[in-house]
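J.: Structure in structure tokens, see below.
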Amino acid sequence: MGHPHNLSGQPVPAPHHSLCKELPPDIQLKSSLSQFKAISPCPAVINPLLLCFLFQITAKAAVIFVTLQYNVTIPATEEQSAETISLYHYGIKDLATIFFYMLVAIIIHAIIQEYVLDKINRKMHFSKTKHSKFNESGQLSAFYLFSCVWGTSILVSENYISDPTSLWRDYPHTLIPFQMKFFYILQLAYWFHAFPELYFQKTKKEDIFRQIVYIGLYLFHIAGAYLLNLTHLGLVLLVLHYFVEFLFHISRLFYFSDERYQKGFSLWAVLFVLGRLLTLILSVLTFGFGLARAENQQLNFSTGNFNILAVRISVLASICLAQAFMMWKFINFQLRRWREHSSSQPQSVKKKFVTAKGKSSRKERENGINGTVTSNGADSPRSRKDKSS
């Protein structure tokens, strides 16, 4: 029998066992099983949904999972636009759409893990701890970059950056364009997909609670902005936060490749503090200045108006507590880095002192000052210390 060939006609090389030896067997087995478990259930759900579009009877049910619901067509007017505009609002059917794209996110997560991150891990020979942190930063940096670029394009196209008053003007923002609703649907789908990923990635028991709190904070604030019709402010704050987080995770990826790389963390530290301050300023302006002066301040579920004092105080307090929590984690992180740096500095000074002392003693022995040099001098404790340093 001949060797198998690929589509281009070139022979496919036989599997080589050296790649399997580059990672420890337990990491290889866990990685392969987690990827298989992550991918295998998703096509079993997605493929039937896609096949439902082939039949007219089932197509209506499948549309709920794949396409956005609750669209409203606004007819063209001479004053506003010459074309009809399709806007969207939220409803219970959005849960089906979120569920479908959550499965898509699981598949994309597994593809990035297998074809990008695992290949880099084999080349870099990371330890177990670095292996998991590298995977986490690799996945999150890709998601944050995608969300930042997409969110920024929405901000520019809707003129939210040039006109800050659009954050609270014409509230409630019950009708939003297609891009913004799809952005929020995918954000919720991604963070919901992070829960099953805790099982697929074999997260340690001591890290599960931290990850659940981390995911829960994202879901709480994103869903809150979506349901309270604060999508304009939520989009600005998300893009700002994602950009800072992207800098952190991309800096950590470079740090794993070269531990001397520290500039990225310094830039991230400055932008992190500025990001927290800007988040608080925009939130106070929106709730304490813009919405507080609005004419309609009556709770109305039918129109989606939640502009009352209790809601404004609750949302602003939630944002402030989240920023305080992140600043507390940030300060602890910086203190831990400072302690590690200060503890490693005396060791390096001590090593230099021992090396200098060993060199002077060796010169004295060679000159015969401290006695005759023995034949087993290379095995002496002083020489071994010199070699280790």
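The backbone N, Cα and C atoms fix where each Cβ goes, and this holds for glycine too.
Curation does not apply to TrEMBL; its annotations are automatic.
The transmembrane segment feature in TrEMBL is assigned to 44-68, 98-117, 138-162, 182-200, 212-229, 235-255, 267-289, 309-331. Feature annotation from TrEMBL assigns domain 'TLC' to 132-341. Residues or ranges marked as region 'Disordered' in TrEMBL: 344-389. Summarising the annotation, TrEMBL assigns compositional bias 'Basic residues' to 349-360. What TrEMBL records for 369-378 is compositional bias 'Polar residues'.
Could you place the listed features in the three-dimensional structure?
T.: Remote same-chain partners of the transmembrane segment (138-162), defined as residues 6 or more beyond its termini with a Cβ less than 8 Å from a stretch Cβ, comprise 109, 112-113, 116-117, 120, 177, 179-180, 183, 187, 190, 232, 235-236, 238-239, 242-243, 245-246, 249-250, 253.
Within the chain, the transmembrane segment (182-200) has long-range Cβ neighbours (under 8 A, six or more residues past its boundaries) at 34-35, 37-38, 68, 94, 97-106, 109-110, 143, 147, 150-151, 154, 208, 211-212, 215, 218-219, 222-223, 225-226, 231, 234-235, 238.
Listed as Cβ neighbours of the transmembrane segment (212-229) (distance under 8 Å, sequence separation of 6 or more from its ends, same chain) are residues 90, 171-174, 184, 187-188, 191-192, 194-195, 198, 235, 237-238, 304-306, 311, 315, 318-319, 322, 325.
Listed by sequence, the residues of this chain that lie at least six past the ends of the transmembrane segment (267-289) yet keep a Cβ under 8 A from its Cβ atoms are 164, 167-168, 230, 233, 236-237, 240-241, 243-244, 247-248, 251, 312-313, 315-316, 319-320, 323, 326-327, 330, 334.
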J.: What is the average pLDDT across the domain 'TLC' (132-341)?
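T.: Summarising the domain 'TLC' (132-341) by its mean pLDDT gives 92.
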J.: For the transmembrane segment (235-255), could you work out the same-chain residues 6 or more beyond its ends whose Cβ comes under 8 Å from its Cβ atoms?
T.: 133-134, 136-138, 140-141, 144-145, 147-148, 151-152, 154-155, 160, 167, 180, 183, 187, 222, 225, 261-262, 264-265, 267-268, 271-272, 275, 278-279, 282-283, 319
